[in-house]
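Engineer: My questions will all concern the structure given below.
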């Protein structure tokens, strides 16, 4: 344990010198008592510690709406401790822990357990997501109200990994969570159209002889859910949007004024299904197997544009750790998913900032402010200004370096970026004024 | 240094012709009383079959034995694999046994590609999922060339369940490389999405295609497909896409009929057509051994493989 | 011209080859009592060509048609693993086969004897000749196996680093035997 006190409200004063807030002109930022105290030229300010942030971009601490921490149940892949360490290394100060654990987070007991583990870890806030249906089985609503009223104060509900495909059940869930300002985050996948699906249905799947996962299976559910949400006047969040068609539907729903939000993963902003065929790691490498699958270059283009124009509200990692043995297999036998917390910001810089689609203010909006708002996290996603909670990420966008899975904090190594060179690097992360990462290393 | 036969797409025209020409010479060996050659003495070929396929396994076994290789048959059923051993662990076991080549049949597309990462020997794809079956395509090309004398410019129609057919995938790529014009004929449900990106023509109408075909290759259609709504009934399928006597009569006189086997007589092909002198179905089996000998010789016969891209 | 080609020297020209083959044809006739039940089997590629030429001479001298064929030895070589797998040559046996016949193997150059050893193995798999003899256009020495030729066109003393290359009209557009100096560096 470090010299920093883990407890809330610990008196610690840190002076950050010369940081470019949202990429603007260099300013000094004074963090005190868990809050941003002052911003300006603070050369003479009295501080317990001073951090030279020349050249670094200061962003509000990142918020992930979609993280698989795997605890309880699959502690061989990730734990709350290692997952939150990875989050802090990636610049995150809050993550939403998905419900598909074992046991499933479908009761107040399980969500409180996860919430408490997060509190104890101290690397970032852990906000549990509750299951929509008991056991993710899609038959019966889980005790949504009990989870909302628990210490974990659950506001996001999702059967992620599985789609709430039953239209009646989805309608009821959307209606029910209105009572406590909840949101249903849908994993949009029509189950019958995706039986045995392995890879985006298209040229690559046809050549590789892998069962196709057609775009329409996602788009049909999104269209239906948007209509349902409008019908009952509820809030809908769409997980990991992956196709150009989905973007069109969400854009249409938003144009109607419906309360629909959406997320995109970093990997869907950068990688395509051709990775399964032409990667330097060899064809059929399941490191690229993920659900929803990697799509085409055209989809990637549409997703980037949608994130830039706000049709897609935020970036969510869908950080999905798997042990080596679940990926060192035939494609069809491999687990779906990739880790992403520690590479999210570099990937977004590569896909959105380097391409001129987003500036740093845009990145802060899509990776902090909007996800916090969707998840109803009052203490996160606030602008870096006096009085705001001192959740700050210092990021060096000037470096480029190869991705090294062995250097990651996550317990798993299933990153699709191995061997790729990505820009940027998180130098420091502060959670309510307390550093969780300094000089790129966990505190 | 390693090289494999994983996809016919990896074969250049020269590679493919070298295999066919080598097979042509080896076919003469099959006609003499001593069919064995000493070429692969001391080499070990493992037949690693995760799916039952007695025909293909026996064909590879005969090919390897005629070249004097030691053959180890590893059937996944009843072995450690059915007890949960991973493909990778199986690969490491084979590696420890010193396999010079692994002939793999697997229900998962791409399993041979994965295996190739984990063993030093050559990997020969003997059918992977719904992906490819390269030696079947090679023996088909060989059989066509023996019957019709050439491949360049021939019009070859492949009829049936293209979507699930590894034979179709391998044949489209190989026959295109060898200069033939391939047309896929199937109901739209049994063609892959994006099939238009393949180097071939596509038709839904068998009757329109038949008179223009030099070769008609019928694919096996599994009845289970009916339950997944790929077509309404066996009767309707057979009526629209089966090769019966009437359709056979509409072929031109030199056209030949092929089938990779096993056949559903009366479904995709009538017994009369299958047994006609213009059917190559029986000789395809014999040619299978010859072509597989050629592949094993060219992969294992020298200091390094003579075909396929080096990795 | 490269240095290697500068070092090349023709040791037999067309007429020399012609005379050598004529002599071999005569010797075969003498030693086999008029080429009775002889089969000429050339080792591809140039040995097969030479076998046909010798058969032509015999036909010319005695009016006898000696069966000619070719026997490919690629699959029987003992150096397969030293080089990439090579394309196969053609084996073509006369219709009546080799059983009970006197087979005269024909090769262009006799060197280590390993090719002939492979040919004997290959021959063993296609039948049982009464006797096997060996004819070669050039014997350049340096045997590594207990093998010797029955009919030799020319004995050519060479150093091991030198190369002997045979050119024939049918395959190369001219007749010549060329000695290429080896790289002694």
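Using the three backbone atoms N, Cα and C, a Cβ is placed for every residue, glycine included.
Sharing the features that TrEMBL gives for it:
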BINDING   B:55, B:56, B:105, B:133, B:136, B:261, B:262  carbamoyl phosphate binding site
BINDING   B:83, B:166, B:220  L-aspartate binding site
DOMAIN    B:4-145  domain 'Aspartate/ornithine carbamoyltransferase carbamoyl-P binding'
DOMAIN    B:152-299  domain 'Aspartate/ornithine carbamoyltransferase Asp/Orn-binding'
Engineer: Within the domain 'Aspartate/ornithine carbamoyltransferase carbamoyl-P binding' (B:4-145), what mean pLDDT does the predicted structure show?
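Structural biologist: Average per-residue pLDDT within the domain 'Aspartate/ornithine carbamoyltransferase carbamoyl-P binding' (B:4-145): 92.
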Engineer: By DSSP, what is the split of the domain 'Aspartate/ornithine carbamoyltransferase Asp/Orn-binding' (B:152-299) into helix, strand and coil residues?
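Structural biologist: Residue counts for the domain 'Aspartate/ornithine carbamoyltransferase Asp/Orn-binding' (B:152-299) by secondary structure: 65 helix, 24 strand, 59 coil.
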Engineer: Inside 8 A of the center formed by the CB atoms of B:55, B:56, B:105, B:133, B:136, B:261, B:262, which other residues of the chain have their CB, for the recorded carbamoyl phosphate site?
Structural biologist: B:53, B:59, B:126, B:127, B:260
Engineer: For carbamoyl phosphate, with binders B:55, B:56, B:105, B:133, B:136, B:261, B:262, what's the maximum Cα separation in whole Å?
Structural biologist: 16
Engineer: May I ask you to pick out the binding-site residues among B:55, B:105, B:133, B:136, B:166, B:220 with a CB closer than 8 angstroms to chain A's CB atoms, ordered by sequence, or 'none' if no residue qualifies?
Structural biologist: B:166
Engineer: Need this for a regression test: binding-site residues B:55, B:56, B:105, B:133, B:136, B:262, filtered to those with Cα within 10 Å of residue B:166 (L-aspartate binding site). What's left?
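Structural biologist: Of everything listed, what lies within 10 Å of residue B:166 (L-aspartate binding site) (Cα to Cα) is B:133, B:136.
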Engineer: Just name the most isolated of the binding-site residues B:105, B:166, B:220, going by other Cβ atoms within 10 Å of its Cβ.
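Structural biologist: Relative to the other binding-site residues in B:105, B:166, B:220, B:220 has the fewest Cβ atoms within 10 Å.
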Engineer: Please work out the helix, strand and coil residue numbers for the domain 'Aspartate/ornithine carbamoyltransferase carbamoyl-P binding' (B:4-145) from the DSSP assignment.
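Structural biologist: Within the domain 'Aspartate/ornithine carbamoyltransferase carbamoyl-P binding' (B:4-145) the tally stands at 67 helix, 27 strand, 48 coil.
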Engineer: Of all the binding-site residues given, B:261, B:262, which residue's CB has the most CB neighbours within 10 A?
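Structural biologist: Going through B:261, B:262 one by one, the largest Cβ count within 10 Å is at B:261.
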Engineer: How many other Cβ atoms are found within 10 Å of the Cβ atom of residue B:55 (carbamoyl phosphate binding site), counting all protein chains shown?
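Structural biologist: The answer is 13.
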Engineer: Let me know how many other Cβ atoms fall within 10 Å of the Cβ of residue B:56 (carbamoyl phosphate binding site).
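Structural biologist: Excluding its own Cβ, residue B:56 (carbamoyl phosphate binding site) sees 23 Cβ atoms within 10 Å.
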Engineer: Cα of residue B:105 (carbamoyl phosphate binding site) to Cα of residue B:220 (L-aspartate binding site): how many Å, rounded?
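Structural biologist: Residue B:220 (L-aspartate binding site) has its Cα 18 Å from the Cα of residue B:105 (carbamoyl phosphate binding site).
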Engineer: Give the number of CB atoms, excluding that of residue B:133 (carbamoyl phosphate binding site) itself, located within 10 Å of its CB.
Structural biologist: 26
Engineer: Between residue B:133 (carbamoyl phosphate binding site) and residue B:220 (L-aspartate binding site), what is the CA-CA distance rounded to a whole number of Å?
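Structural biologist: On Cα coordinates alone, these residues lie 14 Å apart.
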Engineer: Could you tell me the C-alpha distance between residue B:220 (L-aspartate binding site) and residue B:261 (carbamoyl phosphate binding site) in angstrom, no decimals?
Structural biologist: 7
